[in-house]
Amino acid sequence: MTAIQLIVGLGNPGPEYEQTRHNAGALFVERIASAQRVSLTADKKYFGLTAKFSHQGNDVRLLIPTTYMNRSGQSVAALANFFRIKPEAILVAHDELDLPPGVAKLKRGGGHGGHNGLRDIIAQLGNQNDFHRLRLGIGHPGDAKLVSNFVLGRAPRAEQEKLDASIDFALGVLPDVLAGDFAKAMRELHSQKA
């Protein structure tokens, strides 16, 4: 079991993107920082907002890239390479069109599924896709032509409440995730209903 050393929350920078569906991953990392009572601070070296906390004697780094989504890998690779963090010790939290709001799923490895943030991370890690993902469901607009405006839009209140609930569920299994006990975390998280 590999302990998680880096948790990345994907999103786009700037106030115009705050609270958009595409920033679900960043919201997750913000909630971790708040729970751990650490401040995310800008770090130009890693092209993002970073923080660090300790869990069972291990350092865990938080990262929200301040590059745009399709350049997230630049930020992730800079931090992972500097601290020699292997892909299997990274958890990337991101919005997931293929899951309904209120559903969160853990996954290890796989493709990018059309997600430009994941696509760039895989490329910047030297085509290594063996990192863990926290997929936060945002639903799908029903037509591929509507996806861009959908992910960059704010969710209606009821939908946002479901997303917030799925983040709460994910925070509940975070100790198991950090310890590398993904089987237990997946059993608990995947049985939750928002």
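Cβ coordinates are placed from backbone N, Cα and C, and glycine is handled just like the others.
Under the heading active site, proton acceptor, Swiss-Prot lists H22. Taken from Swiss-Prot, the feature tRNA binding site covers Y17, Y68, N70, N116, and the record attributes it to sequence analysis. Residues annotated as site 'Discriminates between blocked and unblocked aminoacyl-tRNA' in Swiss-Prot: N12. Per Swiss-Prot, the feature site 'Stabilizes the basic form of H active site to accept a proton' maps to D95; the stated evidence is sequence analysis.
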Which one is it: of the recorded positions N12, N70, N116, which Cβ has the fewest other Cβ atoms within 10 Å in this structure?
N70
Where N116 (tRNA binding site) and N12 (site 'Discriminates between blocked and unblocked aminoacyl-tRNA') are concerned, what is their Cα separation in Å, rounded?
11
Distance, N12 (site 'Discriminates between blocked and unblocked aminoacyl-tRNA') to N70 (tRNA binding site) (CA atoms, angstrom):
9
Cβ-Cβ distance under 8 Å to Y17 (tRNA binding site), same chain, at least six residues away:
G11, N23, L152
Quick check: with Y17, Y68, N70, N116 left out, which same-chain residues have Cβ atoms within 8 Å of the centroid of the tRNA site Cβ atoms?
N12, H22, T67, M69, R71, S72, G117
Taking only the Cα atoms, work out how far N12 (site 'Discriminates between blocked and unblocked aminoacyl-tRNA') lies from Y68 (tRNA binding site), in Å, as a whole number.
5
If you measure every Cα to Cα pair among Y17, Y68, N70, N116, the residues listed for tRNA, what is the largest value in Å?
16
Among H22, Y68, D95, the one of these recorded positions whose Cβ has the fewest neighbouring Cβ atoms within 10 Å:
Y68
Taking only the Cα atoms, work out how far H22 (active site, proton acceptor) lies from D95 (site 'Stabilizes the basic form of H active site to accept a proton'), in Å, as a whole number.
6
